[in-house]
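To start, the structure under review is shown below, and the notes come after it.
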Amino acid sequence: MSDQEVQNEAQTQIQPQENQKRLVHLSSLVNHMIEQGKDDPGDLVEFSVHGKLLTYTRKSLNLFDAENKIRLWAIWMIEWIWFDRFIITVILLNSILLATQDYSWRENNSEAPSNWTDSLEYLFTAIFIIEFLLKIIAMGFLLDKQTYLRDGWNFIDFIVVITGIISLFISARVSAIRIIRIMRPLRSINSLKEMKVLIISLLDSLPALGNVVIFLLFIIILFGILGLQIFMGALENRCRETEYPIGNVWKASNYSKLCQDSSNCPEGTYCGNPNTYNLPQQELDDENFNYGYTNFNNIFLATFTIFQALTTEGWTKLIFMYQEALSTVIVYIYFLLLIFLGSFFVVNIILAVINSSFIEAQMRSSIKNSQASASSQQLDEHEEELEQNEEEEQQVDPIALTSNINNGDQTQNHQIEQDQQIREQIPQNKNEINTIKNQDNQNNGEQQQISKSNTVEQVQQPRRQSSKQKSLKLNQSKFRQFQLVLIIIIENRYFLAFITSVIILNTITLSLDRYPISKTESDILDIANQVFTVIFTIEMTLKLIAFDTNYLKDSMNIFDAVIVILSLIEWILSSAGNDSSGGSFSAIQAFRTLRLFRLFKLARTWSSFRKLLTAIAATVGGIAYFIILLLLFMSVAALLGMELFAYKTPYRYNFNNYLTSMLVVFMLLTNESWNTIAYTFMYDLESIYPVIYFVIVIIFGNFILLKLFIAILINNFHEANVESSQSIEENHNLHSSRHDQSMAENQQSIKINQISPEQAQQSFQVIKSASNQQTNNNSATRFKNLSQQFMASAIVFNSTLNQSQLEGVSLYIFPPQNKIRIKISKFINHKYFEFFILIIIIISSILLALDDPLSSSNSTTLNVIDEIITALFICEALLKIISKGFIINGPDSYIRSPGNILDLIVIIFSSLAFDQNQAQTFSKIKILRVIRVLRPLRLIVRNEDLKMSINALFNSLSQMMNIALVCLIFFLLFGIFGVTQFKGAYYYCDIQEVDDKLECFDKGGSWSNKNFNFDNVLNAMITLFVISTTEGWINLMSDGIDSRGINLNPKENYAYGWAFYFVFFIIVGSFFIINLFAGVIVEAFQSEKDRLSQMRDLSKQELEWYEIQQKIYQSTPIEKFKISKHKFIRQLNEIISSNKFEIFILVVIILNTCVMMIQYLRSPQELTDAIQILNWIFLAVFSIEAILKLIVYRKFYFTSGWNVFDFTVVLLTILGVILEQSNVLNNVGTATSILRTFRIFRVLRLIKSAKNLRIIFGTFLVTLPGLVSVGGLLGIMLFIFAVVFMNLFPYVKRGEGVTENSNFSSFGVSLFTLFKCSTGEDWNLVMMDTARTAQPNDICFDFNDYANYAEYGFMGCGNVGGILLMIIFMIIVSLIMLNLFVAIIIEGFQKTSKEENAPIKKSDVENFQQQWKDYDKNATGFMQCKYFTQFMIGLPQPLGWSKLKYSAAQQRIRMAQLNLPVYNLNGKNMYFYYQALICAAQDFLESSGFVSNFEISKDIIKLKLQPLMEKAFSQVSNLETEFDSGQYMAAVLIQQNARRSFQRLKKSKSSVVVAQYTNDDEVQQFVA
């Protein structure tokens, strides 16, 4: 036998012995755990099963103790990995069984028939019962710790088991049982451990989500009550045939629109509302009025209407309906406020909450994993020690000696020991070290062929065998040389460039496929594809020969091989003549589009693109379990929908089977047309209850699960981005070190000479302690010149910022010393000059908005004013050029500023516009007038917040371009695939019952194409971009499902399988790629804000101290309210200050809210009168409250913002009641309703009383400045695009998108139309109307001037530029600008959460402020020193000493440690408010270890604190102090001891006075 066989035989002999030892070791370990549990006084016992330590109760079910064999077997079984896999398989099979349920019996209104699936239900139920019994035997049931039901994950399992047992005795076809069985797929959550992190994230976010839900309900109730007051019954304002009703009938005319008064109606008809005469509803609401489900006739329908608007789906239709019946201004204000506050803020707060919870859950999971890995590493080390001991025992064995012979000599053994040490030190390089060892062993084996055993056969080998081996080695070496040559060729940059060029040419070739296409061109493209297939086949063959089996180790090579094989199969099938069949290999033919993935090879040479792809790949791995969770949710929702709605509606997308149900649920997840689906189901089922199902799916699917997906995407992308950056940097360093040995040596010497991080940290701590000691030693004077020092540093910093030196000779005429240039420089740097330019920009913007394309009367006046403004801008440009130079005068030259370049472009084009000849040349596109709209962009430079937002966008531009490239590749991939399948298939005939194009023409029909199609790659990519925004994708998917092929008329649901193409694209293109924009913008915005604010350069301690100082300096001493000495007023104060009074007012507010909610349309007169009386009572209560508070608090009443709010609401409500009861406003339409709505704002007082509402309201206030700045930027963008669209498309023919209410014929309507598009509402239809071209069945004229409009009206065509312009608008505004809102809200929520965890909160500073006013009643800012100790004792922690129970001596010592400066004012020793607050904060932070260094190194941070400090220390800036609180307390202590000594001497009537205070122990202790 050879040595290897001897070793194998030895291992086979040793293995049974090792297994026996392991079993003995495991049994002894279990016995040890049980014995340890017996000794433990607790009720829990640890079990070791399958390598896991488990803790269960000592006795389960009071029957099975820890030694019971049945229980031990049950524990072993439930923890066996194959048992889990078996249960997951059963759950999957059960879910499949539920999905295959047939509900077709409902069509005949019969009962569910019995079938073979019922017997399988019994089998699954039995398996789940057995699993349940095993778990309760192993774990116990409920009463003890760590039992079955104590684990919340088992609760779903328990419900499934109980319902299964019930179904054994009751028919399983009972509806309630069937609905509960739907929960069975949720059991997989308990079986998939990794999914629990996601569920835990959602569960942890429930408290914070509860606050958001409460705030959302508050918003809905507030707007609902407001809607009841304004819009109730407004949809019944119709044009009637008679002026008054005839009996109980008031017939409406055929005029379909609503009306405000009779002037809105055709001649001979009258505007009227049946509710005015207490008549029932006269007309049934049709589809135009959403079947009557969206109105404000009662609070329930109002809630549904508001919820629909919050999802930004169908909200503009509500506006267009109500603006016909009511005042347009009121309607727009109401719904725009609802969209901004509800949709933009509250819905995104949900994302911020889930994002925060996910980060925390991920951190906890990583900590647990690190602990588990540490424990497993210790266990592995323990097992390695055992194995080493066994090996040492077996060293005497001759078999072991034989196995050790081949290890080489002592040098090799020494090398193995070194390798073992390296492996222990660097475990991550284990595979590399093993590879190196194997190579070394092979080399040594080739060099040392002489065996050290006593075998004779190896010595007596024939010479010819040796010569054969040599020839074989020679042949192998030649083949190896050939492989090396091929590797050199393949890795050559020219070969790589050639392959890359071929990939790009192949992409272009695939992109040229289209419809219609000539036969010759199609053949050329096929030949080109065959040539590319041959080239890729040759490349694959060369790589296979060069790399052998290593070729398959690269995933990209495997992918290339699969594509090449599929391309060869396609070629063979097409050559065999199957091309005519079309469908036989069309799927394989479509796989050629996968070659586009080879474009990702560009990442090998494009570093930023490679980093992005690495981050995306890591992100994909992180969201795998989320996809499972999402599919699980969709499956449960689909099964529930099948149970509730199967075969109950003829709607196309229904719940009749599992696949269509999953598709409908996916539609709800995308939030597209969910309201229309809900209307249809409610109308067909003649019930409002289906809306409950749809709203629940929207809330959990869209509001929560998809927000969790975005949170995972943002965080995983951020982490992967950081990791990829680090790894790329490390690889770059490694690559550079391999190619530059000298650089590596220099780096090695640098690394040797560097200090270790621990030494640096120690030295930093020493420096900090020394600086703190010095600070404490000199603390008596640390406040003396504090404000002066800050002012000095700020002045120096300001001087460095404001230096603007004139460089070079401007225009070769004005040197830096020229007086004219100096005066001009001072002039343009004056603050009023900038203010004047801003005014001119605003006036210019207003003129652009006033330019009415439907009127020619104001054009002359506007042109004159515009010429004056243009002249002013020319003068500004000339002054700046003279001052700064044009281009060669340093970095401050005029043309080197992007803002100045923009100004120059606007000036040039504006000047050309005034030249009539030039203007006529460009009259068609009107670009010269449109270019002026760029002027408002100059406002951005003047605003810091706007500038920061713009800088964030520009800094993220490179990453967004990379993502856009990835997005483009995916769009190209899906687009070419779509062209292959759907080219020419979207044509249709306007006559339904036709089969093909020829039959359509024979019957006189029109053969037309859809606006969005896949006839070529460009159209396909536009269609896919529309689908990625999820707007109108259901109609586009329907077109694809109905399509049959070229020249064939579509048929409904012809190829339902193509729905998967569109669903998969939305998951990849919309959910993943598009949402990556949000991740990039959030990350870029936060990093840019940190960079501009210089905060990221601060240490954590400096940042915390800076934030605390901001809280301190923003507080001010407040004047204490002095209660009147009158007995009656004191009693009133006790009443209104009591908790009972506050509770009473809160109850009244809630009752008032409820009363306003219960009113509904056509309510009985008695209820209306009761509501009116209750409103008067509530008004009286609130008025009395305000009067009482005014009597007690007098002028202090108005110091509280809530009191001012209450007083204003009471006054306006009283005014509204007076005007409502009088007949003054009877003819003013909705004015009475407006005044009536003021009482609604009482509901806002709930924010003051409810803590949960205050938290979210506080987040809103924190984010408000950022939201306003980004809103301003959004407003500027909307303004620019509104003016552009108004100038380019004012006369476009009305269609589905550009309508009478939504068009570009005036600035206001254009602005609203674009805002509507930014929310995704019908933007695709607007885009196609702006790109309208003349068709045989759709006539329009190509004009864009007022003269043709006056002749033809709104019959203008659009142009292709409308598509480009609208796509640019959607990318900039919808994908980028609105994501800035998300970034700000996430940052604001993180700031609010950080405030809750801050060492010193704002509430702590407010407690200090409230406590201070008791000792400084007039808010002077000074407190007498003798009261300060009592003040600190009463002040709550952390700033005060409340609950610390210091002795008198300890109090004096703590006071001395504060080192507060003492001021002498009017003979009294005083402490200053801000110094006391700062010292108390520093004392707490230093003693608790939060902050040890109170110095801020950055001058720009000092500059931010400068105004606050100047204001705070202005009172003491001119005051001198000679001692501090320590010296003051020492003097007080000496005086007290001297006084006691004199009193003792006086009592003893001694004539000699000797002071003994210097020997007092307390004084000595204090001095020490």
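Here the Cβ of each residue, glycine as well, is placed from N, Cα and C on the backbone.
Listed in TrEMBL:
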- 80-99: transmembrane segment (TRANSMEM)
- 155-176: transmembrane segment (TRANSMEM)
- 329-354: transmembrane segment (TRANSMEM)
- 371-395: region 'Disordered' (REGION)
- 381-395: compositional bias 'Acidic residues' (COMPBIAS)
- 436-472: region 'Disordered' (REGION)
- 438-449: compositional bias 'Low complexity' (COMPBIAS)
- 484-507: transmembrane segment (TRANSMEM)
- 558-576: transmembrane segment (TRANSMEM)
- 653-671: transmembrane segment (TRANSMEM)
- 832-850: transmembrane segment (TRANSMEM)
- 960-979: transmembrane segment (TRANSMEM)
- 1017-1038: transmembrane segment (TRANSMEM)
- 1058-1085: transmembrane segment (TRANSMEM)
- 1143-1161: transmembrane segment (TRANSMEM)
- 1363-1386: transmembrane segment (TRANSMEM)
- 1403-1438: domain 'EF-hand' (DOMAIN)
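For the transmembrane segment (1058-1085), the partner stretch with the most Cβ pairs below 8 Å, chosen from 484-507, 832-850, 960-979, 1143-1161, 1363-1386, is 960-979.
Here the transmembrane segment (1363-1386) has long-range neighbours at 344-345, 348-349, 351-352, 355, 949, 952-953, 960, 1022, 1025, 1029, 1074, 1077-1078, 1081-1082, 1085-1086, 1259, 1263, 1266-1267, 1270, 1273-1274, 1277-1278, 1281, 1284-1285, 1288, 1314, 1317-1320, 1323, 1326-1328, 1330-1331, meaning same-chain residues at least 6 beyond its ends whose C-beta is under 8 angstroms from one of its own. Note on the domain 'EF-hand' (1403-1438): mean pLDDT across this stretch is 88.
In terms of DSSP secondary structure, the domain 'EF-hand' (1403-1438) contains 20 helix, 3 strand, 13 coil. With Cβ pairs under 8 Å as the measure, the transmembrane segment (960-979) is packed most heavily against 1017-1038, out of 80-99, 329-354, 1017-1038, 1143-1161.
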